[in-house]
Amino acid sequence: MTLKASEGESGGSMHTALSDLYLEHLLQKRSRPEAVSHPLNTVTEDMYTNGSPAPGSPAQVKGQEVRKVRLIQIEKVTEEPMGITLKLNEKQSCTVARILHGGMIHRQGSLHVGDEILEINGTNVTNHSVDQLQKAMKETKGMISLKVIPNQQSRLPALQMFMRAQFDYDPKKDNLIPCKEAGLKFATGDIIQIINKDDSNWWQGRVEGSSKESAGLIPSPELQEWRVASIAQSAPSEAPSCSPFGKKKKYKDKYLAKHSSIFDQLDVVSYEEVVRLPAFKRKTLVLIGASGVGRSHIKNALLSQNPEKFVYPAPYTTRPPRKSEEDGKEYHFISTEEMTRNISANEFLEFGSYQGNMFGTKFETVHQIHKQDKIAILDIEPQTLKIVRTAELSPFIVFIAPTDQGTQTEALQQLQKDSEAIRSQYAHYFDLSLVNNSVDETLKKLQEAFDQACSSPQWVPVSWVY
């Protein structure tokens, strides 16, 4: 299917509606009292490297620099990691590299990034490697005494940012991470609260809804995109077709853009910034899957069982109408010249050619369905997802996978292979994935999930709001 995004399309009224909904949600949150946190037991004592001058003494005493030193005692009563990593700065001094949000050190609040550590349990840290020092802190039980010079730089307020992961990540398999135990494992689609972005390569985050309160290290978008780009194959394989029009010859014309899968090959995904909105109605149901997976059966069942709720936008075509066909019902019949003009005017969200005839779905047809307060069903090529995934169309995207039961015929194996190719490239767009073992079961799960999405708070791309 040849694809073309409509450059003239904008967010429209739906964008305004979601923006207003988000603003109202923020105002309601502002009126709620903030939670109070209680630090762990810790003892601190201040002193100075040139004796004990009174507070407010000059920074220089007889040519010596006055440096405030703090003695910190931390009671470590469990096997819980301290949630801290160390590094050597440019002066080869041992400093705090990062503090994991929610960890032991973060909760008791006595250490900060950039603090210089002079002694651990009375032992001078000079001539000790970072690995040796971290091991000593990890293995110590009971009271840990640290002598530190506090970092005097101002500290930034906590971040309020949420990202949807667009790839799977396991820190145990990452050779770049500075500390595998400090890494955060997550899967595509997980919502990650970003706690700290000070390190350009390693951010700190926490999976939303997880029982684990402490944060972990995740690769920054820049690091992940560099990693993927550096190992990407020079010629990625073309994604299989899942178009309702079947396998089509590509229609090539001076008015048509190149197939957007070319641009997909250049896209390197990592994270997508999202915001949480109160419940709102999804306006479009999008079905994605390999050709032959059963999307047409599912679509037709939804249309026949819920005609007052779902509508399929009739495609436009240059094919001559058959005797039993009525213009505007199954298809809109137009001339090749008119369709070419419409394509040039960016009126189609998707178009292509099959057996010498052109087919396509117009934005306006979908808009008319929305104006009737009904839900448009689209079964489109996966390359079109980036075009329809907007606040204006507000889609709920469902990936239909082939059955994993029964005899593994050659045809089924090929279908599973095609399906996996689509999933691996476009999974970060999916709101729901279903295995189509039974059409009735798939329909039930799909409708339940769709209704749940429309009646519950939802994470949506920040571009839908701003």
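Residue 1 is the first one shown; counting continues down the chain.
Note: Cβ is positioned from N, Cα and C throughout, glycine not excepted.
Residues or ranges marked as N-acetylthreonine in Swiss-Prot (evidence: similarity to another entry): Thr2.
Residues annotated as phosphoserine in Swiss-Prot, with similarity to another entry given as evidence: Ser13 (among others).
Marked as phosphoserine by Swiss-Prot: Ser19 (among others).
If you look up Swiss-Prot, you'll see Thr49 marked as phosphothreonine, on the strength of similarity to another entry.
Per Swiss-Prot, the feature phosphoserine maps to Ser52 (among others); the stated evidence is similarity to another entry.
Residues annotated as phosphoserine in Swiss-Prot: Ser57 (among others).
Residues or ranges marked as domain 'PDZ' by Swiss-Prot: 71-152. Per DSSP, the secondary structure of the domain 'PDZ' (71-152) breaks down as 15 helix, 32 strand, 35 coil.
Annotation comment: Swiss-Prot describes Ser110 (among others) as phosphoserine.
The domain 'SH3' annotation in Swiss-Prot covers 158-228 and rests on sequence analysis. Summed and averaged per residue, pLDDT over the domain 'SH3' (158-228) gives 91.
Among the features that Swiss-Prot reports, phosphoserine is placed at Ser243 (among others).
The region 'Interaction with PALS1' annotation in Swiss-Prot covers 268-466.
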Exercise. With DSSP as the reference, give the number of residues of the domain 'SH3' (158-228) in helix, strand and coil.
Key: 14 helix, 24 strand, 33 coil
Quiz prompt | Ser110 (phosphoserine): tally of other CB atoms within 10 A of its CB | solution = 18
